[in-house]
Amino acid sequence: MTKTVAKKAAAKKAVPAKTAKAAKEAAAKKAPAKKAPAKAAKTAQTAKVAKTTPVRPAKPAKPESHLSMVRRARRINRELADVYPYAHPELDFRNPFELLVATVLSAQTTDLRVNQTTPALFAAYPTPEDLAAADPEAVEQLIRPTGFFRAKTKSIMGLAAALRDDFGGNVPGRLEDLVKLPGVGRKTANVVLGNAFGVPGITVDTHFGRLVRRWKWTDEEDPVKVEAVVAEIFPKSEWTMLSHRVVFHGRRICHARKPACGACPIAPLCPAYGEGETDPEKARKLLKYEKGGFPGQRLSPPPDYPGLPAPPLAAG
Ligand code: SF4
């Protein structure tokens, strides 16, 4: 007996003892057309799966490999360097002490408001010794426009006293010393290190965190973890300027509520394109500072800044 004949005989024998479903299967085996039943069975199975699984795009996008993400991230950095060749810290300062105090004051307010406030503060108290010995109420009045002025007065007078007592009136150039000063966290320390001491640092503020998550460099929410992930993607030499470029982009184009996607030069590299306004005309109207033809945040911007200086407080 050949194998085919044996199969047919076995199928015949099995029919009476099985269920209707088994009978159907046996009938299918008997059918002369060899491939059709198999195909039909496959289609039926696919239909069943489609009914019970969620609807997916016909061709789901292939998940991006880590290497591709790193390449895309580095390309975004290069593009941003072309868009903002003049990126810089947006706090006015003339020395590390002024930058440290200005950065502490910038919590919960804009750099513009700080820049409009610090000229009078630093005119009255130009050194840590002066500020440490000040009348707290006088300091409170001077920094009032920055908000939370009582807590901020305590911080800046406390850090001025620590600089006077522990560091000979100088701002230390090491992260571990800076973070011990009152009101100084990792973000503030990195701002000071990167911009007053030339030590590479990644500054994860609200803009930086939002943008890198939109760009899928990371899903982390914790600034310290974001900093660690980004530090792995870029060489140290890029850290400070990358921070400025990303923050510039967040303030000018990729806003929190309504990003101006239709006017965004890095749109082709952005997985979040479409989260904001895509109409080019409408998007252009959302641009801020020099990109929208308005004054910047610094009263004394660097010479290469193409925008207008910010107005002083009285005029603001
Ligand atoms: S395309 Fe839109 S979401 Fe992406 S970076 Fe540009 S403005 Fe931001």
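The backbone N, Cα and C atoms fix where each Cβ goes, and this holds for glycine too.
Remember, TrEMBL labels are computer predictions, not curated facts.
Quick caveat, the model's predicted, so the values are computed rather than measured.
Noted in TrEMBL for the protein shown:
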type	residues	note
REGION	1-66	region 'Disordered'
COMPBIAS	1-11	compositional bias 'Basic residues'
COMPBIAS	38-55	compositional bias 'Low complexity'
DOMAIN	105-252	domain 'HhH-GPD'
BINDING	Cys254, Cys261, Cys264, Cys270	[4Fe-4S] cluster binding site
REGION	292-316	region 'Disordered'
COMPBIAS	300-316	compositional bias 'Pro residues'
Contact set of the region 'Disordered' (292-316) with the rest of its chain, CB cutoff 8 A exclusive, min separation 6+ beyond the ends, reads 85-86, 88, 90-92, 110-112, 115-117, 119, 145, 252, 284-286
Could you tell me which three-state DSSP class Cys261 ([4Fe-4S] cluster binding site) falls into? helix
Applying the rule Cβ within 8 Å of the centroid of the Cβ atoms of Cys254, Cys261, Cys264, Cys270, what extra residues of the same chain belong around the [4Fe-4S] cluster site? Arg214, Ile253, Pro259, Ala260, Ile266, Ala267, Ala272, Tyr273, Glu275, Gly276
Which Cβ among the binding-site residues (Cys254, Cys261, Cys264, Cys270) has the fewest C-beta neighbours inside 10 Å? Cys270
Could you give me three numbers for the domain 'HhH-GPD' (105-252), the DSSP helix, strand and coil residue counts? 101 helix, 0 strand, 47 coil
